[in-house]
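Trainee: Positions annotated as transmembrane segment by TrEMBL: B:12-32, B:44-62, B:68-88, B:100-123, B:154-174, B:186-204, B:216-241.
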Amino acid sequence: MSVIKGFLFLLGFLLLGDVLAALFNLPISAGVLGMLCLTFWLLVRGRMQEDLQAVAQPLIGLLALLIMPGVVGVFFVAGDYLDQWLAIFLALVIGTCLSVFTTLVLMSKLTPTASKQETAEDVQS
Amino acid sequence: MILESLKQQLLLTPYLAIALTLSAFFLGNYLFQKMGRPTWCPGILLAALLVGLFLGLMQISYQEYQQGAAWLVALLGPATVALGVPLYQQMHHIRRLWRPILLTLPLAAMLAAFYSVFLAWLAGGSSVLLASLAAKSVTAPIAIGITEQLGGQIPLLMGGLLITGVMATLWVNLLCRALQITDHRVIGFALGINGHAIGTVRAFEISPTAGAFSSLGMGLTGVFTALLLPWAWNLLGLAVVA
């Protein structure tokens, strides 16, 4: 029951995101707006909502499953792009390498070193 | 003939597509475990291959499959909203690091799109290809919207998203070792900015802290790219024409 209640909460925020996107003509998806609204609401509330927690964890675990059907489509169009394999390879493999490198360097230069307690918490995994 | 009409019957409802998706997902995960969890070949890629193979063998078109699977994919909306929960739970970490986050994010998100579009352009990629790959680091529901605006192809984008996600986890893994970065906040953030939902799935495997930073990176990259990329694209398009 609490999972369903939590799910209803998620749908409520999703619809809220939809309404906001339509009202203000934002090019952002309803899901992300809903996520930001949910975070903001929890911050204002100051504590976790039990039903939400019950549904969020399993649903987040399903993300990979939910993306997968879309990925299947690539096998059906891949043939049209074989002649551009070099561009695709460079963009996806080298491009991602460069952007990961930039993010890591920027972020680790700017981030103060973690306190002892955090490091201990991090080491275990 | 009987088989053919049976197939048509089964395709009337979304259940075949959903069952196929779920079985491929579990089988893909099983194979992934059997192969010793290789970073270069995640369960989702194996699962997508299995579905593609099945559709090919049974002569089912991708559109027919997609119509049924849409019932499952609809959960992507609430699942994206659900990312607000870990985001809230890790807010104390995020609050402490608001400065590096705000400084890193715009540049990192912009470069994620720029590097790939520039490299593809150098190698002579067509304008449709460039438009399809520009949003490759953005989480699927937002990336689809952006790609439609730029005039790209959605299936190509989805393939790009998958490879980018895999590459991001791979490179984060390798580069963190090379640069001796062990801070889960930094690792998570890099995974989310560059590897969207696939990076975030990986980040949650590392630790809840990494997962929260990844959700944050993914969300912010999505919002930022959605706002800026179509606008930058127009500028760039004009520059090319002139």
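From the backbone N, Cα and C atoms, a Cβ is placed for every residue, glycine too.
Where the annotation comes from TrEMBL, it is an automatic prediction and has not been curated.
A quick note: this is a predicted structure, and the numbers were derived from the prediction, not measured.
Where in this structure would I find these features, and how exposed are they?
Mentor: Sequence-distant contacts of the transmembrane segment (B:44-62) (same chain, at least 6 residues past either end, Cβ-Cβ under 8 Å): 7, 11, 20-21, 24-25, 27-29, 31-32, 155, 162, 166, 198.
Non-local neighbours of the transmembrane segment (B:154-174) in the same chain are 39-42, 44-45, 48, 62, 128-129, 132-133, 135-137, 140, 143-144, 147-148, 187, 190-191, 194-199, 202; each lies 6+ residues outside the stretch with a CB under 8 Å from one of its CB atoms.
Tertiary neighbourhood of the transmembrane segment (B:216-241): same-chain residues 83, 87, 90, 94, 101, 105-106, 108-110, 112-113, 131, 134-135, 137-139, 142-143, 145-146, 149-150, 188-193, 196-197, 199-200, selected by CB-CB distance under 8 Å and a gap of 6+ residues from either end.
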Trainee: For the transmembrane segment (B:100-123), could you work out the same-chain residues 6 or more beyond its ends whose Cβ comes under 8 Å from its Cβ atoms?
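Mentor: Those are 94, 129-130, 133-137, 189, 193-194, 216-217, 220-221, 224-225, 228-229, in sequence order.
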Trainee: Who are the chain neighbours of the transmembrane segment (B:68-88) in space, where the CB to CB distance is under 8 Å and they lie at least 6 residues beyond its ends?
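Mentor: For the transmembrane segment (B:68-88), the far contacts come to 11, 13-18, 21, 94, 139-141, 200, 204, 208, 211-212, 215-216, 218-219.
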